[in-house]
Every structure is written in structure tokens, then in C-alpha cells.
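Accompanying notes for the structure given below.
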There are 2 protein chains.
Amino acid sequence: MPRKRYLLTPGPTPVPPEVLAALGEPVLHHRSPDFKAVFAETRARLRQVFRTENEVLVFSASGTGAFESAVVNLLSPGEKVLAVSHGNFGTRWQKMAAAFGCDVVELTYAWGEAPRPDDVRRALAASGALVALLVHSETSTGVVSDVERLVAACDDAGAISVVDAISSLGAVPLETDAWGVDVVVTGSQKALMTPPGLAFASVSERAWAKVEQATLPRFYWDWTRARANQERNETPFTPATSTIVALNTALEQILAEGLPAVFARHVALGRACRAGARAMGLELYSPDDDSAAVLTGILTPEGIDAVELRLALRDRHGVTIAGGHGDVVDRLFRIGHIGYVDVFDITTALGAIELQLAEMGASVERGAAVAAALEAYASTVAV
Amino acid sequence: MPRKRYLLTPGPTPVPPEVLAALGEPVLHHRSPDFKAVFAETRARLRQVFRTENEVLVFSASGTGAFESAVVNLLSPGEKVLAVSHGNFGTRWQKMAAAFGCDVVELTYAWGEAPRPDDVRRALAASGALVALLVHSETSTGVVSDVERLVAACDDAGAISVVDAISSLGAVPLETDAWGVDVVVTGSQKALMTPPGLAFASVSERAWAKVEQATLPRFYWDWTRARANQERNETPFTPATSTIVALNTALEQILAEGLPAVFARHVALGRACRAGARAMGLELYSPDDDSAAVLTGILTPEGIDAVELRLALRDRHGVTIAGGHGDVVDRLFRIGHIGYVDVFDITTALGAIELQLAEMGASVERGAAVAAALEAYASTVAV
């Protein structure tokens, strides 16, 4: 087995060496002035990356935990909630809201579709739900939904919008305050290029008013307590201090590069990945346009098992990519291009895939993918 | 301000360099064979350190999160639960159970006392509660309760015992299976000498039967789903993979040293710390016996503010210790001796405290503390 590893999944993502070095610094005590100084900086940087003036609450948890915090702080038992699904994660939030005894109004699209604002508007009007759960980047399919228009539909209906931006925040534009998104949830291990273990929720003033009425029980996820603690640069319970120190470094790098440049890089990586896959003669599963900046979903040639392909890529070439979910588990593989990824990571993945598919007997065009990917990338960043 | 830092709090605790190095390794994907191999090893090592044959569930959260998982998996709304407090953390669990709508039967002792098994037996008999929440090491006071006898009292009453062992597990003996403890909760950042961000719950067969009847809502904390995932070396949601890799290294070190040697080291460090404090002429707040192996609570001389002392220790000497809670916040300071701590960390703290107290005008015996601490330590480990 090769020693060198290439991580190209849509989370956890590769982490810059400076972030790993920060992670390995001596542990800080969470009530010490040393930590508070870091946390003050992290809070300010999070607000910049979230594009919000509101406090971004920090939880030691995975993204699912932070999403659960939105459900239990905004809703009451038996309360109607619109939960929109266009893939695996939207379906997870439908199940979560049901587990908490909410009356879940499901708006479910086929995998690969994008939710339509008019459907959201109608579903909210028909149900009277005051909260809508939405997914920005559906990591299972690569579809990035039009959150600006979906949130406008929520606004029209007077509903609080909760957006799962777990794989999108920091990869594609999300204008939290300008678009009026009430709650944005993300995790550390995606485009924020930090190891997993932290998750976040930004909360608008309108959402805070809803929190006061919501009666689902909460303790670890209690937003009110979290905000009061964060205002003095603390957290209610011992946070993942080392991961916060690492995140602070990653956020500094993201802001130094500049969000427009970061978003342009993700678009260019998506173009490179799609150009490479097409040059090899493969069929795309994720959209064949610049909205697919988070990950590229690709189908194996007929007769080639995607699970087998992934295991061989990892065992023989050290390349880790993601698999499919649901109905397309046998054909779909996904290349993530968020986090600390550049075009040569993409060409490495494409090269390994080409080699492995050929060895598995697939008829793929040889030698074209890497050149096509580099060409697509170079022509994008030159513009 | 000095550059070198000494962390002597009862969590987060100092972490061995090998553990920090493991933390900084390239990030692994949580569904990859690389991670699964590490997680399999970690699960086995956790069972050894927990002294149980049962699965130890791993949550990406702080210890409070794992304790919340016990409440929501074992209890139903309105159900009676005995919650025993002898300090800050016991009171937290009383409030937590109340927040989830349980009918909390409070058994509350003064800070510094230890809970009495007969009181637990009587309270369970009188209330009919089927679950008891207990604290092993009360981090706010340094009192370590007699969990073996408290759990026996629960057994007599047919109640499930849930033990907060957050600052005790890996520092002092806790025989989960031999004593019949149903649920043991701990965190990564205490005696397990790993950065914060992971928390654990071991669950007995008897407790699993109670889980099936409990109806409090749960999703992120769902034990049944967690166990099913762990049996294939996965977790339901993206875990703090880097911290798990680090924990695996820390557990390896703990098991290589051997639990009896680890426990003896903690006893010796407690003796050293108490001997040093006494030699300086200071009054102990935590018990003056070998039960106080997790931390030493010390009162400042009359007229010396403990908060001011702590800030000066940190700013002028780089030494971080913990403060007091509640009624004794002005007089109490706490030196943790769990995790990657040796006797020279203790003498460093004692030396800095002696110097700083003298500068603040306290009448302390000079030059005696370090020698007394080393003497107490050497005579213990030689035995």
C-alpha cells in the first residue's frame, strides 16, 4: 500500500500544514486569558466568513449536532416545520425534526434536482409552518440550491429559514445578512479546512425572537446560554480548544486569500474536475455547470462497480474519494474539491481514476483527462 | 509575560508530545479503512481503560454532551430521577434533568461533603426513581465519592446508576463491570490526556433494556444508532477524527504504563501537592487524604484574593491553575494533577504560588514547599 495519501472527499477535507501545526500546539485552558484572546479573534473571523453581523455560536460537535441545535431552539413539540429535501442530508433533517416530535411538512425532490422557490412559498402558505429547513449544498448529489431565492420565499411567508451550509460555507457565496438567512449551520471539516469536531450556527434577530417561544427541551444545545457565554469569549462547556486554535488559523488564511478569490478557486476546481471526467468519457452525475463548485459526482462506466473502484483507488494509489448514497451507490463516486485543495490534487485523482478504470477493463480515453483539467483550470484563473 | 506555559488545571490537562503529534497527522476520512483500523483499536482500548466488556460509545462533544446522552436515552418526560449533588457538577446534572422535563428528586450535600450510600438507598426507595445520577470526582471540590458503595445502593433499589467520571476515569480506580456501574461518562481532556472534543459513555446490558422504554427525544445523542455504527467501526455522524487518532495514542500510553501504576502516580502527585501546601502553611479545601488524587483545592491566606493570585500566576509565571466556584470563589484555588503531569509540574506550581503569595504580602513559609512535595512523592513511589 502506498504511504502518501490524497484526501479528496467533500469532508473531512485536507488541512493546511499551518492549521495542523496550530492544532498540535500545547493545550489551552478554556477559561484562560490565552484562550479567550484566540476565541475573540475566531468569533470575529467567523462573522466575516459567515457574512453576518450576528453572533456565530460555536458547538463542539459535528454539523449534525449544530443542526439539531437549530431544531430544538426554534421549535416546539407538535409544531409544523417545512423540511425540504433534495438528497441524503435533507432527508436527515426531515427525520431529525420528526424524532423531536415536530409535525414535519415534507417537500421532497428526486436526488439531483434543486428545490424550487415557488414550491417552498406554496408549502409554507398551505401549512402555516413558521420554520423552514433548507439545504444549500446537498453533499450527496453535488447540487447547490439557490438559497437566495429560497430564503426570499421563506421571507414572503414570514417563516424562519434554517440553512444547512455544511459543505458550502466558504466554498460558494452565501450572503447571510444580505440575503436575510436566519440561521446558517456549518462544520469545521469542509471548506473551513479544519479537522472535524466543531460546528456553528449563526442566528438572526428574528430567529432569536422565535427561540423565546420555542419549548423543545435543550441543555447542551441551548443557544441563549451559548450566546451569553460567547459575549465574554467563553463557552458554557469545555470546547474543543485545540480545534478552535486550528480553526482560527484556517479562517485567517481564508480571509487573507479573500472570499471572492476562494470562491473563484472552487469554481475553477469544479471546471477542471468536470473537464477531466468528460475527457475520459465519463458521465457526470452532479450538474455540468459552475454551480457544482463543492464536489463533482461521476458515474462509473457500465459494469464497473463504484465501491470496488474506490477501494482500489485507496489501497493501490492512496487516493480517498467519496462513494454514492441510496439508489446510485453502485455507480456514483464523488470527488470533493473544498478545503485545502489545488488543481494538482484534482489531476492526481483523475490520473488514478483513469489508471484504475483501465485496469478494471473499462473503456476510457487514456491520457486526456489531466491535460483537459489543467487547461480548464488555467483558462479560468487567467480570466 | 513568560513564554513557557504550565497547565495544572483539572481539565483540559497537558497532553504528551506524542499525542499532540498524532493530533497533527493528516486528516483521515471517517468512512475510510485507515480510520476504521484506528477506531477499532481505540474502541478496544477504551473498554480496557473503562474496565468493561460493554461498548463505550464515542461522541464528538464535551463531557456535558455525553452526560446529556445518558439523560435522553434512559429517561422519559415526567419520569422520576434521583440526582445526587455534592458540588457544582452534581448541581449541573440536576438542572439538566429538569430541563428535559424529568421529575428530579434532589439529594444535595454541602460542597466538600461526600454522598452517603444509605441516603441514596433511602431516596431511591422513597421516590421509586429507576435512574440515579451520581458524580465520582466532584471537580469543583476535589471530593471523590465512594462509587462502589453508591452503586451497590442503586443495585439494591433496582435503579440504573449513571456516573459522571469526567475527571476521575483514568486517574483513580473505577471498576465499571466489577462494581456493576451501568453507565460511566467521561471526556477526553482529563486523565485521558487528550485535547477536549470527545466524550464517552459505557452502557451496561441492564441500561440498554431501559433505553428501549425511554421516550425522551434524541437524534445526535441516540445510543442505539451509535452502537450499531460502532459495531462496524464507524460513527453515525462525522466524528472528531484527528482527536480520535490522538486519543488512541494516549490510551496506548496509559495501558503501557498500566492502570495500577497510573493510579499510584496520581496518589503520589496528590500527596506531593498536599505536603507542599501544608509546608507553606496553607489550608487545604479538598480532603487531606489519598482520595484526593485528582486535584488539590487550597485556600488562600486570609486577605489574599484567589482570583488575583491566579491571574498573577498566569501573567507573571506562565502557570495556569483553576479557580473556585460558588461561595469560595474568593479564597479557593485548585491544582489539577491528572493527565500528563509529573512531580516537577507540581513543584513548579508550588514554587510559583509561594513566590506570588509572598509578593502579595501573605505570610507563607519560604523554601519548604518544594522539598516537602518531592519528599512526599519520593517516599510514595519508593514504597
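Placed from the backbone N, Cα and C atoms, the Cβ positions cover glycine too.
Pulled from TrEMBL, these are the features on record:
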type	residues	note
BINDING	B:Arg334	substrate binding site
DOMAIN	B:6-325	domain 'Aminotransferase class V'
MOD_RES	B:Lys190	N6-(pyridoxal phosphate)lysine
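Of all the recorded positions listed here (B:Lys190, B:Arg334), the one with the fewest other CB atoms within 10 A of its own CB is B:Arg334. Across the structure, B:Arg334 (substrate binding site) and B:Lys190 (N6-(pyridoxal phosphate)lysine) place their CA atoms 14 angstrom apart. Note on the domain 'Aminotransferase class V' (B:6-325): its mean pLDDT in the predicted model is 97.
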